[in-house]
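Asks: Please read through the structure below; I'll follow up with questions.
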Amino acid sequence: MGLPCGFGASTLQTLKLVAIPSSFSMLRPCISKTLSLHSYHHFQRSSLPFLSRALSATALQSTSIANEDEKVVKPQWRAAIDFKWIRDNKDSVAANIKNRNSNADLELVLELYERLSNLQKEVERLRGERNVVANKMKGKLERSERQRLIEEGKNLKEGLAALEEDLVELTDKLQQEAQSIPNMTHPDVPIGGEDCSVLRRMVGSPREFSFPVKDHLQLGKGLDLFDFDAAAEVSGSKFYYLKNEAVMLEMALINWTLSEVTKRGYTPLTTPEIVRSSVIEKCGFQPRGANTQVYSIEGSDQCLIGTAEIPVGGIHMDSILASSTLPLKYVAYSHCFRTEAGAAGTATRGLYRVHQFSKVEMFILCRPEDSDTYHEELIGIEEDLFSSLGLHFRTLDMASGDLGAPAYRKFDVEAWMPGLERYGEISSASNCTDYQSRRLGIRFRPSSEISTGPKKGKTNIPTQFVHTLNATACAVPRMVICLLENFQKEDGSVIIPEPLIPFMGGLDLIRPKSK
């Protein structure tokens with residue numbers, strides 16, 4: 001997702017689903033289970049030595065099959081899931097679920113799929129019988145025979161209507177359970193928890209200080225840059241006021257980042273900061289539940305965003321893009337909001353983990369065969385930005401247990417924070433393949449090819465799902481921590497890195513305020 005504040009898709013929303021009606025019990029055994037929402041998708045990587053499948057969902061709305069004179073039931077948005085592939089590759093999918101610490105119930109998914117397949121066959125059988133009866137009634141018939149066919153048609157219609165309604169319910173149950181299955185994982189991703197992540201690159205070295213180092217809270221107090229106490233009274237804990245040069249520093253970071261990334265061909269955006277909960281779900285995050293990271297607006301289907309990745313992903317929702325328009329590259333500025341449920345301890349104090357912050361996010365939509373290349377581009381941009389500011393950082397190839405549901409592969413950037421005496425995550429870059437685009441319904445139409453057969457002309461080529469990638473270019477609070485703590489002087493002043501000075505109105509040093 002490109003967020004340094006733990007907005008993971010592992011937090012699951014659960015829905016209590018009613019059991020299938022008792023009729024047709026042999027086809028539809030009663031099920032009552034709490035199901036989790038995620039998604040499932042598949043794709044083939046030509047660059048890999050084996051077939052690689054990914055799991056996700058589409059945002060396509062679907063309606064139940066019904067006669068014109070029957071009420072049409074409209075279930076929730078459906079996932080584009082290849083259940084046959086899941087069944088045929090059960091061992092690989094099960095291993096991936098285990099490696100990613102997912103709670104997806106694969107056995108239940110396969111059981112529901114089998115029941116759905118049987119029910120669909122029965123529906124098709126009854127439809128066929130209904131059509132046979134309808135065709136018989138078109139000819140000349142004895143009155144008694146016509147009456148018999150009418151009665152038979154009525155019974156078939158009633159039975160079929162009940163089955164079709166049950167088909168919708170069972171489909172919804174299968175969809176919701178299958179959506180808990182995470183994306184498949186890049187073969188080079190290390191298996192295990194966060195501590196199994198592999199060092200990809202180390203840039204610079206920790207600065208040596210000849211004086212006692214202060215953390216950003218101590219520096220901010222001496223420079224009069226923050227007010228956490230007043231913010232706590234006004235809004236609650238983990239909120240803050242920025243003051244004086246800290247305000248200028250936030251604006252400088254945002255404008256400098258936007259300027260640098262825009263030069264690389266990215267379209268700048270500001271985004272809505274309130275979105276529909278369904279869009280959050282389609283991006284792979286959960287807007288409900290006890291430990292959700294999402295602020296939901298009571299009495300509505302809307303939520304505050306935790307990242308600009310969500311509204312940017314929604315721009316092209318339910319659309320087919322021309323191949324010639326790809327890749328689409330965006331750099332978006334927004335405020336972000338996190339509940340930070342479960343966050344506590346010294347590792348979260350000050351600006352490190354807060355409920356509201358400003359962030360610049362990069363987002364790419366591209367052809368499937370190009371996503372690995374653009375993943376490298378995104379992490380390269382992040383490393384260039386942080387290097388130019390003179391930060392010491394390391395880039396990690398994150399282990400499978402730390403990927404969250406959408407990411408096929410994720411690189412994290414952790415910068416050294418001398419006041420906190422540890423590395424802290426300041427950015428990440430994720431390749432989500434078609435996990436999000438299948439949910440959001442974002443496809444592209446490849447260029448038509450000229451036929452060389454007897455019939456000259458263009459052939460219709462099926463649409464494909466795009467791949468989506470995201471990366472944090474600048475999460476302001478954590479960048480402020482890095483800059484204050486790494487560029488502090490003995491007298492408590494802080495040097496402004498050279499690239500930011502023009503965006504600070506020429507200010508090159510933040511000095512302590514006179515008493």
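Using N, Cα and C of the backbone, Cβ positions are placed for all residues, glycine too.
Caution: TrEMBL annotation is automatic and unverified by curators.
Grabbed the feature section from TrEMBL, which reads as follows:
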type	residues	note
BINDING	T307, R338, E361, N470	L-serine binding site
BINDING	R338, T339, E340, V354, H355, Q356, F357, E425, I426, S427, S428	ATP binding site
COILED	109-180	coiled coil
DOMAIN	263-497	domain 'Aminoacyl-transfer RNA synthetases class-II family profile'
SITE	T472	site 'Important for serine binding'
Asks: Check the Cα distances from I426 (ATP binding site) to each of the binding-site residues T307, R338, E361, N470 and keep only the ones within 10 Å.
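Replies: Taking T307, R338, E361, N470 one by one, none has a Cα falling within 10 Å of I426 (ATP binding site).
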Asks: Quick one: Cα separation, S428 (ATP binding site) versus T472 (site 'Important for serine binding'), in Å?
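Replies: Given the Cα positions, S428 (ATP binding site) is 6 Å from T472 (site 'Important for serine binding').
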Asks: If you pair up every Cα among T307, R338, E361, N470, the residues annotated as binding L-serine, what's the maximum separation in angstrom, rounded to an integer?
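Replies: Farthest-apart Cα atoms in T307, R338, E361, N470 are separated by 18 Å.
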Asks: I'm trying to understand the geometry here, so how far is the Cα atom of E361 (L-serine binding site) from the Cα atom of T472 (site 'Important for serine binding'), in Å to the nearest whole number?
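Replies: Rounded to the nearest whole number, the Cα-Cα distance is 5 Å.
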Asks: Please average pLDDT over the coiled coil (109-180) for the predicted structure.
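Replies: So the average pLDDT across the coiled coil (109-180) works out to 83.
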Asks: How long is the line from the C-alpha of H355 (ATP binding site) to the C-alpha of R338 (L-serine binding site), rounded to the nearest angstrom?
Replies: 5
Asks: Hey, what's the widest CA-to-CA gap across R338, T339, E340, V354, H355, Q356, F357, E425, I426, S427, S428, the ATP contacts in the record, in Å?
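Replies: For the residues that bind ATP, the greatest Cα distance is 20 Å.
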Asks: What is the one among the binding-site residues E340, E361 whose Cβ has the most other Cβ atoms less than or equal to 10 Å away?
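Replies: Per the Cβ count within 10 Å, the most buried is E361.
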Asks: Give me the Cα-Cα distance between T472 (site 'Important for serine binding') and F357 (ATP binding site), rounded to a whole Å.
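Replies: Distance (Cα to Cα, whole Å): 13 Å.
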Asks: Taking the Cα atoms as reference points, how far is E340 (ATP binding site) from N470 (L-serine binding site) in Å?
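Replies: That comes out at 21 Å between the alpha carbons.
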Asks: Highest Cβ count within 10 Å among the binding-site residues H355, N470: which residue is it?
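Replies: The largest 10 Å Cβ neighbour count belongs to N470.
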Asks: List the Cα distance (Å, whole number) between N470 (L-serine binding site) and F357 (ATP binding site).
Replies: 18
Asks: In whole Å, note down how far the CA of F357 (ATP binding site) lies from the CA of T307 (L-serine binding site).
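Replies: It is 10 Å, counting Cα to Cα.
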Asks: Any idea what the Cα distance is from F357 (ATP binding site) over to R338 (L-serine binding site), rounded to a whole Å?
Replies: 9
